[in-house]
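Visitor: Take this structure first; my questions come after.
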Amino acid sequence: MVNQESSAALEAQGFALPLSARVVLIDLDGTLVDTAPDLAAAANHVLRSLGREPAAMPTIRGFIGNGVRELMRRALAITAEPSEADLDAAMQGFSAYYGEHLLDHSQIYPGVRETLDALQLQGRELVCITNKAGAFTEPMLERLSLRGYFSLVLSGDSLPRKKPDPLPLLHAAAHFHQAVADCLLVGDSCNDTQAARAAGMPVACVSYGYNGDEPVHCLRPDAVLDNMLELLNILA
């Protein structure tokens, strides 16, 4: 479903639908893969080890998107704001547990693999762009047989700054020698729309991801996708 109001904004910036999008940048958590169950399990493992009550799944889902350190900080802050030393210790436990249980329950969303197949056949360059640390991103993509689709993977620690900063988007466009306007970011949250608007890049959001309690329509992306396959309908 194309957002008509933001489509007008796109055209005012020199874009037109359908989008050429020779480079398609796609977020990981909440966009390609439903990772919330395993992230929640890791966070709650740490909370229990500290004698704290586990957090509910909807609560953890609302913490996803800014990297696992921020997720863990917010989980700890439910009862008391953690010191940096406390957070460092919690992250050791989180990383060890999550690394061993990365894909116990995480699953690729419906329509994702078929869409990636189609985009690849169309000759588009694909980039996975995520705030997740590379130590988790690369194994996840490999084990889900998704890594081969992506010419470039930018994790949360690949560059000095991550989303919502536009740097990863600008880096990807420059990597493929493409104008930012000829790229497209597909994500699920305000981090994605903020990064795209700051970069001057079109952005589509999936409706099924992690944006807390706020529907992605409220972010006014250029398109809202209820299934990843709908991405093919907005590309030239």
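Note: Cβ is positioned from N, Cα and C throughout, glycine not excepted.
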Visitor: For the Mg(2+) site that TrEMBL lists with ASP27, ASP29, give the additional residue from the candidates ASP188, ASP213, ASP222.
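Guide: Checking ASP188, ASP213, ASP222 against TrEMBL: the Mg(2+) site match is ASP188.
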Visitor: Setting ASP27, ASP29, ASP188 aside, what same-chain residues sit with their Cβ within 8 Å of the center of the Cβ atoms that define the Mg(2+) site, listed in sequence order?
Guide: LEU28, GLY30, THR31, LEU32, ILE64, GLY65, THR130, GLY187, SER189, ASP192, VAL206, GLY209, TYR210
Visitor: Looking only at C-alpha atoms, tell me how far ASP27 (active site, nucleophile) is from ASP188 (Mg(2+) binding site), rounded to the nearest Å.
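Guide: Distance (Cα to Cα, whole Å): 8 Å.
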